[in-house]
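Asks: Have a look at the structure that comes next, please.
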Amino acid sequence: MRECISVHIGQAGIQIGNACWELYCLEHGIQPNGQMPSDKTVGGGDDAFNTFFSETGAGKHVPRAIFVDLEPTVIDEVRTGTYRQLFHPEQLISGKEDAANNFARGHYTIGKEIVDLCLDRIRKLADNCTGLQGFLVFNAVGGGTGSGLGSLLLERLSVDYGKKSKLGFTVYPSPQISTSVVEPYNSVLSTHSLLEHTDVSVLLDNEAIYDICKRSLDIERPTYTNLNRLVSQVISSLTASLRFDGALNVDVTEFQTNLVPYPRIHFMLSSYAPVISAEKAYHEQLSVAEITNSAFEPSSMMAKCDPRHGKYMACCLMYRGDVVPKDVNAAVGTIKTKRTIQFVDWCPTGFKCGINYQAPTVVPGGDLAKVQRAVCMISNSTSVAEVFSRIDTKFDLMYSKRAFVHWYVGEGMEEGEFSEAREDLAALEKDYEEVGAESAEGDDEDEGEDY
């Protein structure tokens, strides 16, 4: 079995987690108490969904997940929410005082006390797996817990489970919307360890997802629930091939192989189509070609950066529902002929496609329409560097005055860590620049010979 363990860290990680597990349960027909009437093989069984759920002898399905936060309020919502019976109480770990938006508290002082407990619980989940494939880690890098404890856990997972893949779903600060003043510090410090300790990171950013909700779903004032439900569709599409039997299945390690040309260049953009409200879907025929095109629209990207400003290195298209390979090939062929979508010249094919016959499921009473087919795209584009350069600029403005730095130093960090992390990110921006311009230099030489 190829199990995946999900680790949800901090408020963002947990709330995205809630949306994901709600959706998984609906997709597999698992009730909020963990019972699954449709499952005939009680206690174990080699069903595809066992990658994400473990089964008890009593036929209860328990998510292979842990939720961690340094303060109790968000986890208490899980403990009292609709799905309270789904999780084992030991899977929900909360501390007493929060990280106060401070990376150093999450990473050094307070995080340090809780991290062993987390690893212990993860070890229990891992022992329960026959062939652990890897970890899905959900966090945000703007806050204190997601960035600090998130980095700490990733570092420790690398030590304990060196060869296992780690996929990160990471909420990055948005250009305009900010939830805390020290976001740039936390993000830079945290990206420093994401660079080293995740194999693939999918960047999400609230502002981009707000815009998608407003534009495509006509939600005047989107809430985090609206945002998270959209994100959960993306994550569900990515993991569908692990949870259902499909025609063209895609493994977690396959993402890595197909999307990451160089170890450091592993920050991905994601998009999902069709994002459409029930009123509209009734009147539209959404063909494979149409949803494929809209997945490539800059406005569909779930992070604020424009793929037209960069080049694609690789792309993963995960289709689900009523889709046949012939249509996919045609749609991809059309995309390749478009001049607006540029690939780097050293990666001619650039597409990895997966198809899953399970139609997309929607949360009842949610915003998305029930559709026959959907596509989720994860792409590696040099334009992601825009996200980093934005954060770096803000970091530099504050750090030049050493503003707020004493809060971090007071928790046992050294100033050197700031500059080290910042240099690492500067190097990353440079890496992206070079990858995009890889063989452009070759062209200049040819022109020289023409004279």
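Placement of Cβ uses the backbone N, Cα and C atoms for every residue, glycine included.
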Asks: Thr170, Thr179, Thr253, Thr257: which one does Swiss-Prot list with Gln11, Glu71, Gly144, Thr145, Asn206, Asn228 for the GTP site?
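Replies: Of Thr170, Thr179, Thr253, Thr257, Thr179 joins Gln11, Glu71, Gly144, Thr145, Asn206, Asn228 in the GTP site that Swiss-Prot records.
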Asks: Labelled region 'Disordered' by Swiss-Prot, one stretch among 292-311, 432-451. Can you tell me which?
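Replies: So the range that Swiss-Prot calls region 'Disordered' is 432-451.
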Asks: Please find which two of Gln11, Glu71, Gly144, Thr145, Thr179, Asn206, Asn228 have the most distant C-alpha atoms, given that the record lists them as binding GTP, and give only that distance in angstrom, rounded to a whole number.
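Replies: Between the most distant Cα atoms of the GTP site, 22 Å.
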Asks: Find, for the listed binding-site residues Gln11, Thr145, Thr179, Asn206, Asn228, the residue with the lowest Cβ contact count at a 10 Å cut-off, counting only other Cβ atoms.
Replies: Thr179
Asks: Let me spell it out: for each of the recorded positions (Glu71, Glu254), count the other Cβ atoms within 10 Å of that residue's Cβ, using every protein chain shown. Which one has the most?
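Replies: Within the set of recorded positions, the most crowded position is Glu71.
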Asks: Cα distance, Glu254 (active site) to Glu71 (GTP binding site), nearest Å?
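Replies: About 36 Å separates the two Cα atoms.
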